[in-house]
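Colleague: One structure coming up, written as structure tokens, with questions to follow.
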Amino acid sequence: MDKKPYDPSEIEQTLYQEWETSGLFEPGESSESYSLAIPPPNVTGTLHMGHGFQNAIMDCLIRYHRMSGKNTLWQVGTDHAGIATEMVVERRLNAEGKSKESIGRAAFEKEVWDWKKYSGNKITSQLRRLGSSLDWSSERFTLDDEYQYAVQSAFIQLFEDGLIYQGKRLVNWDPVLETSLSDLEVVNKDVVIKIWEIKYLLDSTDEFVTIATTRPETLFGDMALAVNPDDERFLHLVGKSAVIPLCDRVIPIVADNYVDPEFGTGVVKITPGHDFNDYELGKRHGLHINDDNQCCTGSEKEFDPISILSKEVKIIGVAPEKFHGMDRFDARTELLKDLDAQGFLLKESEYESTLPYGDRSDQILEPLLTDQWYVDAKTLAKPAIEAVKSKEITFVPANWEKTYFQWMDNIQDWCVSRQLWWGHRIPIWYDADGQAYAGHSEEDVMEKNNLAGPLIQEEDVLDTWFSSSLWTFATLGWPEKTSKLELFHPTTALVTGFDIIFFWVARMIMMTKYFMKEVPFKEVYITGLIKDENGQKMSKSKGNILDPIDLIDGVSLEALLEKRTEGMMQPQLKEKIIKQTKKQFPDGIESYGTDALRYTYYSLASPGRDINFDIGRIKGYRNFCNKIWNAFRFIEMQAATHSYQPAEHKADALSDWMSQKIFQSSLNCKTHIETYRFDLAAAEIYELVWSNFCDWNIELSKVAIQKSTDPSVTADLIGNLFKNFENILKLLHPFMPFITEELFAKMNALKGFDGRQFLVEAGFANLTTSKDNGVDELINIISELRVIRSENANIKDETLHLVLSGNLAPSMVKLIQEFEEIVCGIAKLDAIEFSTEDYEESIEKAMTNYKIIIPLAGLIDPEEELERLRKELGNVENDIKIISSKLENEQFVAKAPEAVVQKEKGKITTAENKKLMLEKSITKLQS
């Protein structure tokens, strides 16, 4: 017999290896499929609490449907994460005194592949630690050969269909990464910045106008000044010209509704090559440089903005020679000195505003005019919008559909080119005349277009989100028509966070509708955000990050402090973080095991709500694991003590009652899982295991076994515990896979099962329902007896005599008589009597249609009992008042469902009966 306490570290990793090597996670033969695709984590990343939460949800779904007999696929894979991975490798090179430019593209790509091999297994090993039952045999990587071919095929088709084009436009330029960023990769930060007022002379006069700017260094790229057409102060200036200070270029003054008369001076400088709003205004007015090298207006086709910053954000172009090669902020400092010296700088003040930062580099971005590749997102968005409107795809919770529509209805063309070296190199090839052709290789392009060559390939790579937008079908073999694609696409559901609805969810819908002519998934379950116990977002700067693996294995205080303070962007916060960590975790973090962590996730997973992760919860669910383990140990001990042999066993009322509880919980959990109410499922199973099985089924069986003198009855009692506990393990398995699998193996060993069977192979039990057999009422009687003892300290430890008086059904009388010895044993009674006799001194408790009487001659103080009865009567009278008020409310009766009204009427009948019994008891004690 195993006397060891539950220790998850001894079983979890060994069990996972068994599952994986046994091929349990691979698709089967059933024709009814259920499939999920994991949101691919960064290949060199690590697991955070959000990952842990979402993967726990997905694993529960896939295990549940697998055990239900469906042919399941949980597609696994990792993303090459272009920007993030390139940043890491560049830092490593910089530490060695090298740069990617110094070693060249081929050598740099080799460095990244080597880093991927070195660190790429960490995230997948962490997924295994969580118990994620992913199909590792079909693992994909967004840069593997087959996936690269799929990405190229998608780009080529979009290019040939006229939905990808190259254009010179303003982009969010990251000067550190030296690449363009999409709007979604921009973080707008609230800051206090300086604003300067600068004097612009009107052409050929001594008059001037004053403009206000926060970016004076862009002055050399000005192409116009603008005023609002309704601003009478400046209408006389429209059509005239002004002169840019320090460079003497003449620019027109135009009228445009974009200008806010209340902002600044009411006159704004227009720099189309370095501001998104100015770009649109410049296009409307056709701003360009004429043959005389002066700025003028024209048609939209003539629009030709000036750029005065390089990709390294250094001054170039038409700016005075003196400033060439200066960094943008160094140029600003020098320019302000010169403006001040020549009398053009009028004022400097501070101003609250927002500045755009790169989400990866945390550097101020620069709007920059570059040649980029764009996807015609507006065209692709139309069928994607309709897919959600027509309910081909549903969001859970439904309110996220509004967020989706808001973005899709205002979508802009998608810039998909990135100035990186790590990623999918754009499959475009240029001939000697600069003509662009799309193809899988130089040879492919030459053959397809009858070209002589040589050709030059595009240097840029594709946005990482472009390749991951093909995820659900490219992982299944597209563009080939594979059996997996036919069987498992569309996937059944997507589990993800709200923060990538735009980055990924919407783009997957667009691309899948275009290439597959179907949706990528049928449901999108949007999880809440994992926060700390105080509702704060987890972040390095707050020092409140929790690592899921630390919660599973435990971590010392020293190691935790190192994790929370290493590589901080704001080192000044280090001491504060050390102090709060020591206060919260003075001894580090204990080991809780994977199952306790997972169950904590499920218990908190209420749709549409962020999750405040409380360490107290995970402690509670570790205790739950111990409770389950000890339940098995009790069964194991009884089997050993009574030389139990597996056989067909006769069910009794208690066993039938427990089976009915398991059956009802199974039905409820089916509904909860299929509607993504994991919190309700977790609560349901917790109540079933802790209260129904451990507190009642085991405790009543324990007394019955102790009092049994018939070996066959004892065997039936143990056998029924076996059966019910095994069915509980099956129900619990999708939520707590490790402890349930270990105990299932131990149960099989006790039954003499020869060989290894896994829970997923056993599937759910074919349970049937049965009528209420009265055991619930029996439990109510025992519970009320315990309450009576707790409320009456002077009889707490006495052996009592129980009298039941009233209208008890014959079947209930028979059940109580059958269980009398067990009830007397567990409730410390000398006997149970059925009687209508009145007792002068007694405790009475009104039940539904009968009452509990405890004769008390010589056991209690009558005055104390009278006080208790009066208090209970007051509570019942208050209940009657509340229910009566409801039923007297005509609106409630008219609008509430009939079942609800009837339920309230039933409540008042029960309460009134209880009131009569209490009044009778009080009268008797007073007489």
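Placement of Cβ uses the backbone N, Cα and C atoms for every residue, glycine included.
Below are the features I grabbed from TrEMBL:
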type    : residues : note
BINDING : Lys540   : ATP binding site
COILED  : 859-886  : coiled coil
DOMAIN  : 15-614   : domain 'Aminoacyl-tRNA synthetase class Ia'
DOMAIN  : 657-797  : domain 'Methionyl/Valyl/Leucyl/Isoleucyl-tRNA synthetase anticodon-binding'
DOMAIN  : 863-926  : domain 'Valyl-tRNA synthetase tRNA-binding arm'
MOTIF   : 41-51    : motif ''HIGH' region'
MOTIF   : 537-541  : motif ''KMSKS' region'
Colleague: In terms of Cβ proximity under 8 Å, which residues at least six beyond the ends of the coiled coil (859-886) contact it?
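Modeller: Residues 791-792, 794-795, 798, 841, 843-844, 892, 904, 907-908, 911-912, 914-915, 918-919, 921-922, 925-926 contact the coiled coil (859-886) from elsewhere in the chain.
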Colleague: Report, as a single number, how many Cβ atoms besides its own are within 10 Å of the Cβ of Lys540 (ATP binding site).
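Modeller: Excluding its own Cβ, Lys540 (ATP binding site) sees 17 Cβ atoms within 10 Å.
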Colleague: Give me the DSSP three-state residue breakdown of the domain 'Valyl-tRNA synthetase tRNA-binding arm' (863-926), ordered helix, strand, coil.
Modeller: 61 helix, 0 strand, 3 coil
Colleague: Tally of helix, strand and coil residues over the domain 'Methionyl/Valyl/Leucyl/Isoleucyl-tRNA synthetase anticodon-binding' (657-797) according to DSSP?
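Modeller: Across the domain 'Methionyl/Valyl/Leucyl/Isoleucyl-tRNA synthetase anticodon-binding' (657-797), the residues distribute as 108 helix, 0 strand, 33 coil.
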